[in-house]
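See structure below.
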Amino acid sequence: MGLKGIVVECFVGFWDYETAKIMVVKNRPLGIIYRSVQFLIVTYFTWYVFIIQKAYQEIETGPESSIYTKMNGVALSGDTVQDMVEYVRPSEGGDVISAILRKEVTHNQRQGVCAEHFSVPGANCTEDSDCTPQEIGTEGNGKRTGLCVPYYNQTFKTCQIKSWCPIEEFAAVREPALKEAINFTVFIKNTVHFPKFRVLRGNTKGKKNLHSCTYNAVTNIYCPVFTLGYIAKQAEENFTELCETGGVIGVFINWKCNLDLDPSECYPQYAFRRLDLRKDLISSGYNYRFGKYYSRNGSEYRSLVKAFGMRIDVIVHGEAGKFSVIPTIINMVAAMTSVGICSFLCDWILLTFIDKNEIYSDMKFDGVTSDPSQDLATENTTVSQDLTHTDLSDNVQL
Amino acid sequence: MGLKGIVVECFVGFWDYETAKIMVVKNRPLGIIYRSVQFLIVTYFTWYVFIIQKAYQEIETGPESSIYTKMNGVALSGDTVQDMVEYVRPSEGGDVISAILRKEVTHNQRQGVCAEHFSVPGANCTEDSDCTPQEIGTEGNGKRTGLCVPYYNQTFKTCQIKSWCPIEEFAAVREPALKEAINFTVFIKNTVHFPKFRVLRGNTKGKKNLHSCTYNAVTNIYCPVFTLGYIAKQAEENFTELCETGGVIGVFINWKCNLDLDPSECYPQYAFRRLDLRKDLISSGYNYRFGKYYSRNGSEYRSLVKAFGMRIDVIVHGEAGKFSVIPTIINMVAAMTSVGICSFLCDWILLTFIDKNEIYSDMKFDGVTSDPSQDLATENTTVSQDLTHTDLSDNVQL
Amino acid sequence: MGLKGIVVECFVGFWDYETAKIMVVKNRPLGIIYRSVQFLIVTYFTWYVFIIQKAYQEIETGPESSIYTKMNGVALSGDTVQDMVEYVRPSEGGDVISAILRKEVTHNQRQGVCAEHFSVPGANCTEDSDCTPQEIGTEGNGKRTGLCVPYYNQTFKTCQIKSWCPIEEFAAVREPALKEAINFTVFIKNTVHFPKFRVLRGNTKGKKNLHSCTYNAVTNIYCPVFTLGYIAKQAEENFTELCETGGVIGVFINWKCNLDLDPSECYPQYAFRRLDLRKDLISSGYNYRFGKYYSRNGSEYRSLVKAFGMRIDVIVHGEAGKFSVIPTIINMVAAMTSVGICSFLCDWILLTFIDKNEIYSDMKFDGVTSDPSQDLATENTTVSQDLTHTDLSDNVQL
């Protein structure tokens, strides 16, 4: 057989079909275990992986999302009317929007000198030497001038500071809370786009005036207009308490779209949860300060506003799935491979518990020693596995 | 053979190599099916999974991204000059920036009483009793005082309200659109960082003055300066229309980096798409309101501005891939396992269609009954599978 | 055997256990290779995949995150006191906050006509005909009127423009940098929520006053109060330089939670890195412009502020893992399947290098021709693989 023969042989051999030889064990208990484990695995994959987890779908998470928010409503705070221009900050209507529910305003502040607040460490003094000039503590309101002055017509004295005067702690006026804000509405428009599937969805529908409807989870899911009271209630918060301390509430818009179904099945679901930890009493709440500036007689004045508000963070989650060949194949391969696992288990049961006379292990295992000529010499050490069919027939032939 | 013998035997057996016994079927059609299916699977993995999907790479998505935006340009709106300080909000240059293209301004509003707009439900009246005091509808502009007053020098009357007066619906002045804004430029600086690969990339390059170049997808990709007109055109929007209604346009910066190649292959690609649904006519567009406050003779005035603008949301997508041993191995294992799938198919074809005389199933399956001593008794029921090699040679020896 | 017999036989056969027939090769070197490769694979999966990568856990990334920031501190800029209301923008305390460190202010700008800056291309002129009216270049400050006027009491002339006058390039006053801002503090409150595991974590703890403590990575990890100097130092930036050019610094909060351990193991780690590329000298830094508006004698004035600041982008990464049955099973299946890979290798070694006399391939492969009656006729072509055990014993029996 020359080179040509070898090539021909290889070519012919290439088209042979090779398949593993299988031993069939006619043992009913083992068969029942075998089929039961197979059934469990197939059921798990069919039911959990394919039906519940929808492993046959290609998934896209993190869609492109655009949010546009707008608040509406008018209320009286004491004697002044507050409309959206007054209480909404920032005004641009992005994914974070806050409504000011209560203010502490320090009117007519201007750059100058005045007495430091008595609660600042080291601010109390009896004479000028108690106040080192040029020193600003991280908790002070300004730079000390070195003088010790009466505290705003009081009998005690504190260090004089260069600052915006009068200081907030002394002069802030607490305005009443905007309790009627419970009826303010916030319109949250959201569009999501899944680039992989080229699917665009919005949380509004139709051409009706969206600003005059109200969201209802059952009857009106395409009207994303919520009252602040509804949001607070859904987040299990007390609105009156929120007016006092402020708070950050997350509005979660959840898109879970099965694109194999009708498009109407792909609608947003809303959830509400307070985001600043509430148990932690000291640091909970939400407030910030800003100034309103005026120019009078050439000098600059400001109204310092400490605003306690309800901040709404709109957070969008999205997930879309659509049938795809590749994950289907991959998961089916994984399923079939997993079915093979029960062979491990059953082989172990078979060889350990059932195979008393080693008849099965003889059938299953064919022993070959490394050098055929040493077959007889090593027969003793390989006796347990060499009781194979080969040897049996050899023995017969003796 | 004592305990020592068993231990020795186990130790010797541990170093045996075990491999499955294979049956070679010399059937040309089956061989062709077998090799074809194998070829398809191998091709799929080599071409699609490894070359197209780059399964040999470790992937990092969601890089850390920083955006800094800046608008530039001057235009005339009627008789007043608008520079960036006037039309850009918010001014801080984050990932959401808007240019005001048109304004409706209500000048000199102040807290007071005036007539409600006639379009508000229940606002029309003929006498005071038509106006219930202390009631603010969600659509009203303020709190009713209970009086019925003439509507701003008109002959008809509406309820008087406590509000910022005059009301916007009556007194708003529509300013001309900033059509020249089509030439305004927005500089969008973006740096991304892939922490896993420690790779930092920016969308600018070199030390030339970036504010005076213009983006070009072919010749000037490292100059992220876009005119608003270019952005609108790329998003397939009419700029004049945008000036009227406002709109939100997404600027998508897409980093798709193959870090196995030269760094110059890792550059940003830009895409533009309108984000507020346009078909939905009622709620499309983008506008918001803000106030400019003045103090005159001790009382506070404001100019209420309803701004229609073009909001630009910069959205960054990033993905970097680099060769890694682990995903390579995992995908090669998956590929090899998948090749095993064709055995399922070919076994089924073999045993169902080709194996007429059960010669193959006899070869493939070795039957063993659960109790060897019952071999002869059960021979009749297992006849179809017991025509194994074992029995054949036994028969010969009879 | 009728139809009933076939059904019975199928039912009986269904409960048979099928397992692959294995050939045991008693070759010590091959066994050592086989076991070594197995050992490597098992070690890899046990140590790297399961222990290091925690493949037994279900992972959730991208938690819901809420950030609330607040700056504190007072400093002198020249003769004026700057408190947080002055230097913090935007004031609402979201995930992007900036402190103005240096200002260039153009006071008392108002709409009017004045001379263009001489650096603008084409702005220099000697007579009116040099200035085409109605033309705004993208780099100009306003619309040219067509006149050529002296440049702010200088001897040379530039084109007159309609603009906010005087122009910034001429009239801007550079205020001293707020070097004391190095001691300003920023309080960064962060709560994360992993919805899949229903776990909520915050970066603050206890009820102590958080605004008066300072972060320390070892002793005080639950006090998220950082000085600007600390942030700059951690980001390896020079604070004095930042005061000049401004800059964007990322504060990365990293939650890596193993929920199988004690909750105290799930704490935030902070990292700081400058986000605007610094090497790129021209475009690095961070500045923006805004206006402060005044009304005086019925006309509107503004102070144009070019602010150089330190912008802090808070970026949260989160990952939580918890033991779960499904990934455990999937990875164990992958591990077991991978162990099968070493059979490929060892089979190849066995058949290519060790199997000199083809004794092993005869044992492993059982050849069957497509038509049993042609067995003898095809024997010559299948000789290499037909030296199987079957034929050997047949030969012996001749």
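Cβ from N, Cα, C; glycine included.
Remember, TrEMBL labels are computer predictions, not curated facts.
When the candidates A:Cys114, A:Cys213, A:Cys223, A:Cys243 are compared with TrEMBL, only one is recorded as disulfide-bonded to A:Cys165, and it is A:Cys114. Per TrEMBL, the disulphide partner of A:Cys266 among A:Cys243, A:Cys257 is A:Cys257.
Rounded to a whole value, the Cα-Cα separation of A:Tyr288 (ATP binding site) and A:Cys266 (disulfide bond) is 38 Å.
Scoring each of the disulfide-bonded residues (A:Cys159, A:Cys213, A:Cys257) by how many neighbouring Cβ atoms lie within 10 Å, the top position goes to A:Cys159.
For the ATP site listed in the record, the two most distant Cα atoms among A:Thr185, A:Asn287, A:Tyr288, A:Arg289, A:Lys306 lie 24 Å apart. Within the set of recorded positions A:Cys165, A:Cys213, A:Cys257, A:Cys266, A:Asn287, the entry lying nearest in space to A:Cys131 (disulfide bond) is A:Cys165 (CA atoms).
Among the recorded positions listed here, namely A:Thr185, A:Cys213, A:Arg289, A:Cys213 has its C-alpha nearest to that of A:Cys266 (disulfide bond). Of all the binding-site residues in the record (A:Thr185, A:Asn287, A:Arg289), the one with the smallest CA separation from A:Cys223 (disulfide bond) is A:Thr185.
Listed recorded positions: A:Cys159, A:Cys165, A:Cys213, A:Cys223, A:Arg289. Those with a CB under 8 Å from a CB in chain B: none. Fewest other C-beta atoms within 10 angstroms, among the recorded positions A:Asn183, A:Thr185, A:Asn287, are seen around A:Asn183. Filtering the recorded positions A:Cys114, A:Tyr288, A:Arg289 for a Cβ under 8 angstroms from any Cβ of chain C leaves A:Tyr288, A:Arg289, in order along the sequence. Here the C-alpha separation of A:Asn183 (N-linked glycosylation site) and A:Cys213 (disulfide bond) works out to 13 Å.
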